[in-house]
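Engineer: I have a structure here, written as structure tokens, and I will follow up with some questions on it.
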Amino acid sequence: MFANISISEFDPELAQAIASEDERQEAHIELIASENYCSPAVMEAQGSKLTNKYAEGYPGKRYYGGCEFVDVIEQMAIDRAKELFGADYANVQPHAGSQANSAVYLALLNPGDTVLGMSLAHGGHLTHGAKVSFSGKTYNAVQYGLNAETGEIDYEEVERLALEHKPRMIVAGFSAYSRVVDWQRFRDIADKVGAYLFVDMAHVAGLVAAGVYPNPVQIADVTTTTTHKTLRGPRSGLILAKANEEIEKKLQSAVFPGNQGGPLMHAIAAKAICFKVAMSDDFKAYQKQVVKNAQAMAEVFIARGYDVVSGGTDNHLFLLSLIKQDVTGKDADAWLGAAHITVNKNSVPNDPRSPFVTSGIRIGTPAVTTRGFGETEVRELAGWIADVIDSKGDEKVIADVKAKVEAVCAKFPVYAK
């Protein structure tokens with residue numbers, strides 16, 4: 001039997017590190033676009049006894065006994081995901097977004113096939129063909145980017161590259177793009193060259209679920225997402241598709257046994273909770289506020305003389321170019337971190353600096369909106385960020401902003417004490 005000992009009793013060193021992270025999350029303002037706060041119910045599911053159960057296979061077709069209850073849980077998650085996103089197929093087993101993407105590649109492509117995806121330097125993701133990723137090492141990756149003048153996807157370039165290279169698959173999606181993607185334009189281009197259209201909507205899945213961003217699921221052949229970020233669920237992945245029996249079979253076998261072994265049943269239960277929450281009116285109102293907050297912040301930066309890539313935002317994030325300020329993203333990240341404001345350095349289109357230094361920062365509003373920030377609070381916050389950057393990291397300015405951050409965090413706690 002296990003002794004009923006708490007972490008703090010058994011491993012005080014680890015307990016202190018966890019407590020410090022708890023404190024950081026409460027006392028710092030989180031603006032990393034891919035981060036959010038899970039509900040207590042999601043965390044309860046992730047910490048449940050479901051973590052003990054091995055369940056290789058799928059509901060009704062397991063390789064282990066004792067799966068009668070986890071079958072119910074996984075089927076609930078599948079059914080809710082399909083209902084939420086209007087999908088005909090859902091696989092809730094991917095451990096993460098990258099694993100979901102990897103399974104799609106495995107299902108639809110052969111090594112060496114040509115893939116057309118957005119360049120990491122222009123707002124794409126590692127798994128969209130970056131040379132350092134499996135997607136760029138295993139496949140012949142061709143990259144498209146943004147229009148230099150508008151900061152928006154250059155669809156003419158996408159079509160030109162597609163006609164030239166005849167990709168087997170086109171990837172639409174992003175990790176740092178602030179405008180609405182024209183999914184149908186991508187579909188039309190893919191159809192011209194006989195390519196699969198694969199959409200990675202990891203960043204905007206919550207917005208899509210709430211109806212405040214276009215839904216790609218019935219346009220693309222396959223769509224993937226993470227379940228955290230704007231969906232506010234566990235750190236995990238999801239694959240969706242419109243009806244196509246051949247593709248569905250390929251996806252099933254690509255996830256298991258092709259790409260993974262046993263699913264994480266505690267995470268799947270947490271996804272089921274997340275999907276149920278995302279069907280609520282409160283969640284829809286939250287997503288609308290996420291976008292309003294991002295737009296309000298972008299307006300403040302523009303008024304302060306900063307360049308926002310593409311001139312604004314239609315979703316939960318935007319890129320702030322610091323080239324005009326002669327400030328690196330790395331420095332801005334560090335200065336703001338000292339003021340208890342968490343962002344991430346990010347390359348901007350045609351960035352003259354390396355990806356380890358960058359000339360910009362990425363700002364997202366999902367987490368601060370979860371805390372309860374509205375336009376008033378985020379406008380103040382944008383002003384504080386501009387103050388810190390304009391001061392070039394002046395210690396007095398940082399200290400002043402840090403005090404303001406502490407006050408507003410105390411007013412808007414993440415979790416009730």
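From the backbone N, Cα and C atoms, a Cβ is placed for every residue, glycine too.
Features from Swiss-Prot:
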- Leu120, Gly124, His125, Leu126, Ser354, Pro355, Phe356: (6S)-5,6,7,8-tetrahydrofolate binding site (BINDING)
- His228: site 'Plays an important role in substrate specificity' (SITE)
- Lys229: N6-(pyridoxal phosphate)lysine (MOD_RES)
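Could you place the listed features in the three-dimensional structure?
Structural biologist: Counting every protein chain shown, 11 other Cβ atoms lie within 10 Å of the Cβ of Ser354 ((6S)-5,6,7,8-tetrahydrofolate binding site). DSSP assigns Ser354 ((6S)-5,6,7,8-tetrahydrofolate binding site) to coil, not to a helix or a strand.
Taken residue by residue with DSSP, His228 (site 'Plays an important role in substrate specificity') is part of neither helix nor strand, so it is coil.
Note: Lys229 (N6-(pyridoxal phosphate)lysine) has non-local neighbours Ala33, Ser34, Glu35, Asn36, Ala202, His203, Ala205, Gly206, Pro366, i.e. same-chain residues 6+ apart with C-beta under 8 A of its own C-beta.
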Engineer: How many whole Å apart are the CA atoms of Phe356 ((6S)-5,6,7,8-tetrahydrofolate binding site) and His228 (site 'Plays an important role in substrate specificity')?
Structural biologist: 25
Engineer: Using all protein chains in view, find how many other C-beta atoms are within 10 Å of the C-beta of Leu126 ((6S)-5,6,7,8-tetrahydrofolate binding site).
Structural biologist: 16
Engineer: Roughly how wide, in whole Å, is the group Leu120, Gly124, His125, Leu126, Ser354, Pro355, Phe356 that binds (6S)-5,6,7,8-tetrahydrofolate, by largest Cα to Cα distance?
Structural biologist: 16
Engineer: Give the residue from the recorded positions His125, His228 that has the most other Cβ atoms within 10 Å of its Cβ, counting over every protein chain displayed.
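Structural biologist: Most Cβ neighbours within 10 Å: His228.
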Engineer: Do you know which of the binding-site residues Gly124, Pro355 has the most other C-beta atoms within 10 angstroms of its C-beta?
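Structural biologist: By the 10 Å Cβ neighbour count, Gly124 comes out on top.
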